[in-house]
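Below is one structure, written out as structure tokens, with a few remarks after it.
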Amino acid sequence: MIAIIDYGMGNIRSIEQALTSIGVEHLVTDRQREIVKSDGVILPGVGAFPKAMEALEAKKLVTVLQECGKTGKPLLGICLGMQLLFEKSEEMKSSNGLGLLPGVVRKLQVPYKIPHMGWNRLTKTKEMPIWNRVADGSFVYYVHSYYAECPNDMICGTSEYGISVPGLVAKGNIFGAQFHPEKSGEIGIQMLANFKGVVKQWKSSQLSI
């Protein structure tokens, strides 16, 4: 069972539809107990970083998400949800994030239209499970004005938009997609199926303990 975190700022319906299309058992929840019992977590997000953190804090979800990350449970952040995984953001004001990944979220300073919206090529920079059966250079769908500045060894895929934008990041059991896999057609669906595989493998490892 994958828990989709409902804190009032996520593109939940599209993610639900994508997971349903590939037979992934899931639930939308803001309950700590259900999140703890889940086998994997998806943290969506659309909007501003400070308001998102305030919403998570109001629902008392910050600690449970941090614990999920630290215990090895697979966690996938999407768009703003990916940004929330990092230590800090400069959006609107300096705000602390979940601190599960090292790095700072900064505003795109590029000679192009902001937000970065539409299809862009994702170039593989490092192998990770979510790349399975996905061709290097596949096109994915973005909508964002901020990006994660983070260590190179975490970056698994980038897109060019005036700068090299980290599109896919990973560290241990924590994964982040700056783009929207649920809006990225068959490529995005395959990536979500790959995350399902990561969750299944982790669940099996827990049963064998």
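Including glycine, each Cβ sits where the backbone N, Cα and C put it.
Summarising the annotation, Swiss-Prot assigns domain 'Glutamine amidotransferase type-1' to 1-205.
Residues or ranges marked as active site, nucleophile by Swiss-Prot on the basis of sequence analysis: CYS79. Around the Cβ of CYS79 (active site, nucleophile), a 10 Å sphere holds 27 further Cβ atoms from the protein chains shown.
Per Swiss-Prot, the feature active site maps to HIS180 (among others); the stated evidence is sequence analysis. Around HIS180 (active site), a 10 Å sphere centred on its CB holds 21 further CB atoms from the protein chains shown. Secondary structure at HIS180 (active site), as computed by DSSP, is coil.
According to Swiss-Prot, the active site annotation covers GLU182 (among others).
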The rounded CA-CA distance in Å from CYS79 (active site, nucleophile) to GLU182 (active site) is 11
List the residues of the same chain that sit at least 6 positions away from GLU182 (active site) in sequence and have their Cβ under 8 Å from its Cβ, in sequence order, or write 'none'.
ASN11, SER14, ILE15, GLN17, ALA18, ILE78, GLY188, LEU192
